[in-house]
Structures are given as C-alpha cells and as structure tokens.
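Engineer: Here TrEMBL flags HIS210 as active site, proton donor/acceptor. Among the features that TrEMBL reports, active site, nucleophile is placed at CYS228. TrEMBL lists 127-252 with the feature domain 'L,D-TPase catalytic'.
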Amino acid sequence: MVQAEAVGVGGRSVVSQRFTTTSPESLTSAAILGEKTVGIAHTIGVRFADPIPDRKKAQAAITVSSDPQMQGAFYWISDSEVRWRPERFWTPGTKVSVAVNIYGVNLGDGLYGDENLSYDFTIGRAQEIVADDNTKTIVVKRDGKVIRTMPTSFGKDSTPTPRGIYMIGDRVEHIIMDSSTYGVPVESAAGYRTPVQWAVQMSYSGIYMHGAPWSMSAQGNSNVSNGCPNLSPADAEWLVKNTLRGDPVTVKNTNADTLSGVDGLGDWNIPWSQWKKGNTDT
C-alpha cells in the first residue's frame, strides 16, 4: 500500500491508495535482421528469442516508415520470426526506419517484451541476378546493365536447384558445406563435408552460390552439384565482393519445385495477395 499526504485549505488530509505491481512471468527479446545498406529485395525481419503466442500484439508494436513511402504488410515465416515487405522491390535510395516497441508489452501467455530497438537502413543500387538452367549461366545486372556473366553448374537430377526468387543473405570467404545440416548424414553415400571458399547464401536451407574448382569442367554445360549453383573461384570471389544482403536472385528453368516462401530467404515466392492478408491467426 502507498500512503500520500496532502495539505490543503482545510488542513491536513491523508489519502491512501492500494495497488499491486506485477512481475512478468517471462521476458523475450527481439533482433532486427539486416545491414546499413541492402539490396532492393530486402525484407525486414524481426526475430524473437521465443515463439510468440499473440502475433497481433507483436505486429502492433512494430512500425516501418520510409522515404519515399512504401506500403507493405507483415507475414510470419515461423513462430518466432515476422517479416515485413512491400508489394514490389524497393526503389534504390529509399531510406527506411524500423521501430520495435515491445518493452512491457504482453505478447501473450505472460510473455513480455524486455527491450525496444530500432534499425535504419538505405536501399542501395538496383542489382538483380538471374540464374538460368537453360543457358547454365548466372547474369548480374546493375541499374539495368549486364555487368558480369558467369558459367555455372546447377543441382544434378537427384538434387535439383529450386526455382523462384531468392534474397541474398550472408557473403563469406570461407564456409564448410555439411550435408547433415539438411538431414543427410555425412557418413552416408550422399553425404559430404566440404570446405568452400567464397560463398553467397541464397537460402536458410543451405543453398549457396559458391566457388567449386572441382566442377569447372561442367560449369556452363551440365549440372553436377548437390543443389548449389557452382562457380569458378574467381567468379565466386567477385560475387561475394559485389553483392548486398537483399539483392534478388531469380533461378529459372531448373527441374525443381519453387523455393519455399517461408525458407527464410524466399519471401518473394509468396504471392502478394496471400502475403498482405497475413497469418496472425495461424
């Protein structure tokens, strides 16, 4: 109980008021995925540390503003990660601000946000990549002009490269390709654990455009990979150094299904009519 004393014209009066404070049953944090300058296909990702019971409350705590203004919508790609994207690719030079005001917000079932955060970024140059199985090439266009054409080898018949629109994620100089990350034991006949130089992430499920000196004789004429578009080391290095997170990559004419829209880097494969309806009740 809190007791307060106030003195007025009529003398002293004492006012008592009883109230209780509550402690959150549990707290969750959030992280905003991105970099300061991103590609035209970048989608805004807010990843929570825990599954969110009340998606509507979480979305209501997130604001996105841009100059020039772009209309967009939210869509959950998992129980703990929500994305926001416009209907079409961003205009180069757009300035974007994101605020996640979850501090003290009940996100459902006694789960409260523990900290607010914000993120400002700029859309970079208009760069698009097309990987075409008919020509076995990867073509990079910047501001509408072709700046590089690279021979490639896509996934072989048993492990074809999924079609669709990808967003570039991480770009790394060294990585170990490990089949166990998508369920194939390294010790099995189809398993592998291979060190790779120069790799550009295309999906959460392990697809990268990467250097593959062992397949250079096949690049440009046949498909021999485990699903990743293979490149020469020189082309892979160039790609790592000349791409941004959020650059779009369109893979076409492969003998495979479309990359899942909830893969993590396949957001643009969900039709806008479905995306804008959202999935807060799922």
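Note that Cβ sites are derived from N, Cα and C of the backbone, with glycine treated the same way.
On a predicted model such as this, the values are computed, not experimentally measured, just so you know.
Explain the structural surroundings of these features, please.
Structural biologist: In the three-state DSSP scheme, HIS210 (active site, proton donor/acceptor) falls into the strand class. HIS210 (active site, proton donor/acceptor) is surrounded by 25 other CB atoms, counting those within 10 A of its CB over all protein chains shown.
Long-range Cβ proximity for CYS228 (active site, nucleophile), meaning a same-chain Cβ under 8 A and a gap of 6 or more residues, is found for GLY155, THR161, MET177, GLY206, ILE207, TYR208, MET209, HIS210, ALA212.
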Engineer: Going by DSSP, how much of the domain 'L,D-TPase catalytic' (127-252) is helix, how much is strand and how much is coil, in residues?
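Structural biologist: For that range the per-state counts are 16 helix, 55 strand, 55 coil.
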